[in-house]
Amino acid sequence: MIQKIIFATLLSFTVAIISGRFFIPYLRKLKFGQKVREDGPKTHLKKSGTPTMGGIIFVVATFLTSLIFSPWNKYLFILLAGFLGYGLIGFADDFLKVYFKRSLGLRAREKLLAQFLLAIVISWFIKSNVGTEIIVPFFKRSVDLANFYIPFAVFIIVGTVNSVNLTDGLDGLAAGVSTIVMAFFAMIALFLNDVTYGVFSASLTGGLLGFLRYNKHPAEVFMGDTGSLAIGGAVATVALLTKLPLILPVLGIIYVAEAISVILQVFSFKLFGKRIFKMSPLHHHFELSGWKEEKVVYSFWLVTLIALFVSFYSLS
């Protein structure tokens, strides 16, 4: 099994590296450039026009590698449904942005409706195939959610998808953090002796590493919602299948911090007319506090790496 995981990581990495060399110039030719928000950090305005929808690079690499090395079973179908399904929602959003040359694609209501409907379907399949028990980290026990499982799973999926999306705001940030997160699940799959979960997680890990070659600062391409929503769908789905959704607040501490910073900022401004952060999500607060973009990114990677070890400890 470990050989399959290693080969899956290497193949997906290679596919992402090679495909990126051809796909990024093609995106430039199509003029699929990202329109940067004018109300964001001024240092980001120079990034306007950078090709977006680059998430296709690691989505395709992960999909092909998973088909090659993983058994074709219902669990792979569920993983790919979460991964590709949310990737398609993101693709639709990205396409509308670049086609109409605007910073917003799908309406928020449309995007959320699609996310919730897909989450309900995926949650039902997970419940039907792995049951309703989840593991509680640090306490070495499991809890049966019974009839509360589907609402809980829907919350986990939609919450994770949007949290990853919020994290994707700096060069290499979401890709690097998510590489570490998916590497964790690849290692968990080794302990579970589950080839399907292991190959899929390793494939996405390798694909993201290859994508980082082009997404690190200064980024040649952005993953767009195509990539960030696909990652969120993958992270949430594999966490639920392995019965480890409660590990996400620890392992995905950066995702959680980014999302909470936005929620707190909105509530504080609406209730008190004051902002807690200089700008949200959290990574922009650090930028406006004088941190260089690379320092923010590397610091968030380091926090996630520490969170990985804490997550393993919580399950030991």
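Cβ coordinates are placed from backbone N, Cα and C, and glycine is handled just like the others.
These come from Swiss-Prot:
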type	residues	note
TRANSMEM	5-25	transmembrane segment
TRANSMEM	52-72	transmembrane segment
TRANSMEM	76-96	transmembrane segment
TRANSMEM	116-136	transmembrane segment
TRANSMEM	145-165	transmembrane segment
TRANSMEM	172-192	transmembrane segment
TRANSMEM	195-212	transmembrane segment
TRANSMEM	221-241	transmembrane segment
TRANSMEM	244-264	transmembrane segment
TRANSMEM	296-316	transmembrane segment
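Relative to the transmembrane segment (5-25), the listed stretch 195-212 leads the set 52-72, 195-212, 296-316 in CB pairs under 8 A. Between the transmembrane segment (145-165) and the stretches 76-96, 195-212, 296-316, Cβ pairs under 8 Å are most numerous for 76-96. Between the transmembrane segment (221-241) and the stretches 52-72, 76-96, 172-192, the greatest number of Cβ pairs separated by less than 8 Å involves 76-96. Counted as Cβ pairs under 8 Å, contacts with the transmembrane segment (116-136) are highest for 244-264 among 52-72, 172-192, 195-212, 244-264.
Here the listed stretches are 52-72, 244-264, 296-316, and the one with the most C-beta pairs under 8 angstroms to the transmembrane segment (195-212) is 52-72. Sequence-distant contacts of the transmembrane segment (172-192) (same chain, six or more residues past either end, CB-CB distance under 8 Å): 1-2, 5, 9, 58, 164, 198, 201-202, 204-205, 208-209, 211-212, 215-217, 219, 223, 227-228, 231, 234-235, 238-239, 242, 244, 251-252, 254-255, 283, 296-297, 300-301, 304-305, 308, 311-312.
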